[in-house]
Amino acid sequence: MEYEDVLRQYLGEFGRYQKLAALLIVLVGPSVGATMFAQAFLAATPAHHCRLYQNDSSAMYGHPSESLNLSVPMENVDGTWRYSSCLMYNGTGGTSAGSNQTVRCRDGWEYDQSVYHSTVVTDYNLVCERHWLKELGQSIFMVGVSAGGLISGTTSDRFGRRPTVVACIVLQMGSGLAAAFTTDYVIFLVLRLLAGGAANGLFYVGLTLAIEVIGSSKRNVVGMTISLSWAVGTVFLGGLAYFLRDWWSLQLALAVMSAPLLSYWWLLPESPRWLLSNNRTEQAKISIQKAAKFNRVTIPDEVYEKVTKPKDKEPREKSKKYNLIDLFRGPRLRMITVTMSSVWFATVVVYYALIIGSADLAGDPYLNFVLGALLEIGLSLVGLVAMEKWGRRPVVGGFLFLSGAACLAVAATPTERQDVIRYISLLGRCAIGVAFTTLTVYSPEVFPTVVRRHPVPVRVPAGGRVAAPPHAHVRDTLHSRRGRSLQSSRDVRNPLAGYT
C-alpha cells in the first residue's frame, strides 16, 4: 500500500492535518514576497540634483529657484522639463566665466525627501555614474535567489523538507536583521544575497512539502493559493513602506516578519513521502499516526505494515541519482526542459521588471505598488477558475498574451497621458503575475516524477532572475516609457513562442 492509498482510504486527501500543513506554508508567502520585492523601496531613487555648495545643509530643493536656475541646467525627460540629476554649470551660482558649460556634480547631491526619507541609494549616493551599483545590488540579490533554489533543492532531498524550511527561516531573518544595521554597502549586498537565497529556498521547499502532504485532487488549489501568498506579501510591503519611509526601518520590519515562523521547528510536519522515499519507514509511520490522530480517524495496524514507497521508486531506480543531464535525455524530455526553461526565463524577466518598476509609474508609488498586488490577487482567482476549466497551457498563454498586449499598448500611448500609461502598465503587471503563478503549479506536472524535484524544472531558471535588474537598468538609461514597454513586450513574445 502506498501513501496515496492511505490518503484516499483513511486519512483523507485534505483533512485537518493537511489543511494545517498547507496553511503553515501559505503563511510563509507574505514574508518571502516582501523580501523578494523590497528593492523597489529599499533602493528607490528619489528626485535629486547636484548639491550647490559643499557645506550646504539646506533641505531638499531648499535653494531658491533663482539659484537653481543659475546653477543647474534643465533637461527634458519623457516630455517633462526638470532640473538635471547629474550635471551643473561650471561655476558657482552661474557667476564664473564659462558658466554655460556643464560638469558632473562636484559636491554630491540633494535628494527629494517628500516620498522617501532615506534609501540605500541616498545613503550611498548610488546615482549618476554610480547608478550601476544599485542594479548590481539587485543582480547580486537575484544570484542569491537562484543559488538558494539550487542549494535548498539539494539539501531538502538529502536532509528533509522540514529542517531545510526552518534553516531558511533562520537565515532569512538573521540576514535581514543584520542588513538593517550595516553601514557598509558591500556587506549589505552580501546580506541581501543570503536573504534572497533563503527566501527562495523557503518558499519552494515549503511548496514542495505542502504538495507532498496533501492528496492529488487538492494540489492545484493549494499550489495556486500558496503562490498567491507572494502577492499578499507585496501588499504588506507596500503598506509597511508607506509608514516606514527610512530604508533601514523597513528592512528591520521585514526581518521581524519572519520571527513567528521560527515556531515551525515544532509545528511543521515532515513530508511522509520524503520519509518513505528515503527508507525512513518507521518515521513515516509515526508521521502518519500523528496525522491520523489529528484528523480523528483510525488506521488499522496492518495498514502501517503495508506502507511502501510510491510506484515511481521501483527497485531498479532506488540506487540511481538523477541530475541535470537527465533533463536532456530523450527528445520529448529535452523539448519539455528547453521549452519550460525558455518560458520561465522570459516570464521572470518581465515579472520582476514590471513589479519593481510599478513604483516608478506616475502617481503615488505606494498606491501603485499595492494596487498592482491587489489586482494580481483578484485576477489570479479568475485564472484559477479558468485553469480548472480549460487547463494550464491556455491560461499561461492567454495571460502572457494579455501582458504583452498591455506593454505594446503603453508603447503606443503618448507620453503625456501618464494616467493611461499607469493603468495599462498595472494591467500588464497583473497579467504576467497570473502567468507566473500558474507556471509555478504547471511546471512540476509536465516532468516525470523522478526528476520533478530537481531544482531546474521546478524552480525559476537563474538567468531570468539575474537578467531582470540589468533589464531595468537599460529601461532607466533609455529614459522612455515607450522604450521600457517595447523592451518588455519583446520579453513577453518569447514565452508565447513556446506555445505555438
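Every residue, even glycine, has its Cβ placed from backbone N, Cα and C.
Just so you know, TrEMBL annotations are computer predictions that nobody has curated.
Taken from TrEMBL, the feature domain 'Major facilitator superfamily (MFS) profile' applies to 86-500.
TrEMBL lists 478-500 with the feature region 'Disordered'.
Annotated transmembrane segment per TrEMBL: 20-44 (among others), in sequence order. Long-range contacts of the transmembrane segment (20-44) within the same chain: residues 115-116, 119-121, 126, 134, 137-138, 141, 145, 165, 169, 172, 176, 195-196, 199-200, 202-203, 206-207, 209-210, 213-214, 222, 225-234, 236-237, 240-241, 247, 250-251, 254, 257-258, 261, 264, 267-269, 294, 352, 355-356, 358-359, 365, 369, each at least 6 residues beyond the stretch ends and with a Cβ under 8 Å from a Cβ of the stretch.
Under the heading transmembrane segment, TrEMBL lists 164-181 (among others).
Summarising the annotation, TrEMBL assigns transmembrane segment to 187-209 (among others).
Summarising the annotation, TrEMBL assigns transmembrane segment to 221-244 (among others). Below 8 angstroms of C-beta separation, residues 22, 25-38, 40-41, 203, 206-207, 210-211, 214, 250, 253-254, 257, 355, 366-367, 369-370, 372-374, 376-377, 380, 383-384, 387, 433, 436-438, 440-441 of the same chain, each at least six residues beyond the ends of the transmembrane segment (221-244), sit close to that stretch.
As annotated by TrEMBL, transmembrane segment applies to 250-268 (among others).
The transmembrane segment annotation in TrEMBL covers 333-354 (among others).
Residues annotated as transmembrane segment in TrEMBL: 366-387 (among others).
As annotated by TrEMBL, transmembrane segment applies to 394-414 (among others).
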Segment-level pLDDT (mean, integer) for the domain 'Major facilitator superfamily (MFS) profile' (86-500): 80
Same-chain residues at least 6 beyond the ends of the transmembrane segment (250-268) whose Cβ lies under 8 Å from its Cβ atoms: 21, 24, 27-28, 30-31, 34-35, 38, 41-42, 162, 165-166, 169-170, 172-173, 175-177, 179-181, 209, 236-237, 240-241, 244
Touch test for the transmembrane segment (187-209) and the transmembrane segment (164-181), at least 3 Cβ pairs under 8 Å: yes
